[in-house]
């Protein structure tokens, strides 16, 4: 019962004592069992450590073990107020047990730590901010689980974040790393600005911030442009929906909230469904496969109609027939976005990013939660996708089993893996390429002529010079 904030990802994670950063309660215990892939090792880094050591680590301590279970061996036992460990605690295998004991005490925040595999040598914790590093540009690894309730950020993209903001939490807000997986960030420090706007993105709310001496931004691939909803590049005919809200007001005027009204920042009503249930959807045809990195949504934007969607599911397809549900990497659950409620601000835009990106032509939003009625405006973020950049992957068909219905799931998971991966470890064999052009015939006569012609020219030139010289000599 002594476990606090915990996110254990496949390559990294974050763990904290209960009530952190407040004083942890007396007489509690927690054990975390951390496993990474076989052949890898685990490294642990403290972001904060403040455990009462009044009894010399007898009843209040943090203990780290190699392995899990009865065969585990101790790496170290730690306690003390303001305990400092600049280095990393490294395991001997792919399994680690972390045990926190809290005895009788009156103060002490407990601890916050991050772990990753040892190949992430530039691991930082969720508490690190830009002011901790002096370089104008740097590259760090953020662990999973940095959306923590006791930290905050100020700023937004593309303007930048206040330098006192948590680097990794800002990375999740910006959409450059996933909170469930962690990831690498590339940070650029520059001069501060007098005002930082707040926004809601990826379930992280950035606050309005005052003047600061410096700010930081993230280097990205640049694939975060808009895909044509607001600009009109996507024509009306390519925006469809399951149903359309149509009604007459008191003056007798017919109001139709059509799918093409679902363009972000467009003045007027949004798209709204005729029936508000979990079977409704809004579909966007991008005309060809695109790389989709995010989505921005808002409510009706009309103050007299307080409608908005607060949670939805994403589906995508290449042919609008067979649909794949976007899932959080490493989980079996559908990727459901749950933005915070809009409160009294109907115009608030909420951004959610897809990590990894979606590669698809057809994109469908399936609302799951809403206020009063299903109504929304949308913009998709991303860029062009070139099929030729990645080799085509072939796989043998899965084994047939009449009593096993998992083959379809296997195919869906494999298609999802191919569509959301930019690089592959294995490719198919290189096909034999035959030259279909006609090669001109080159004979020995051509080669002989190439030698004789220059020689004959030189001989004739020499004879002419001799005759000219002889004629001049005779006249003299």
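Backbone N, Cα and C define each Cβ position, glycine as well.
Annotated in TrEMBL:
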type	residues	note
DOMAIN	3-118	domain 'CUB'
DISULFID	3-30	disulfide bond
DOMAIN	120-216	domain 'LCCL'
DOMAIN	223-383	domain 'F5/8 type C'
TRANSMEM	446-473	transmembrane segment
If you count the other Cβ atoms within 10 Å of each Cβ, which of the disulfide-bonded residues 3, 30 comes out on top?
30
Could you put numbers on the helix, strand and coil content of the domain 'CUB' (3-118), residue by residue per DSSP?
0 helix, 61 strand, 55 coil
Across the domain 'F5/8 type C' (223-383), what does the pLDDT come to on average, as a whole number?
88
Please count the residues of the domain 'LCCL' (120-216) that DSSP assigns to helix (H, G, I), strand (E, B) and coil.
11 helix, 38 strand, 48 coil
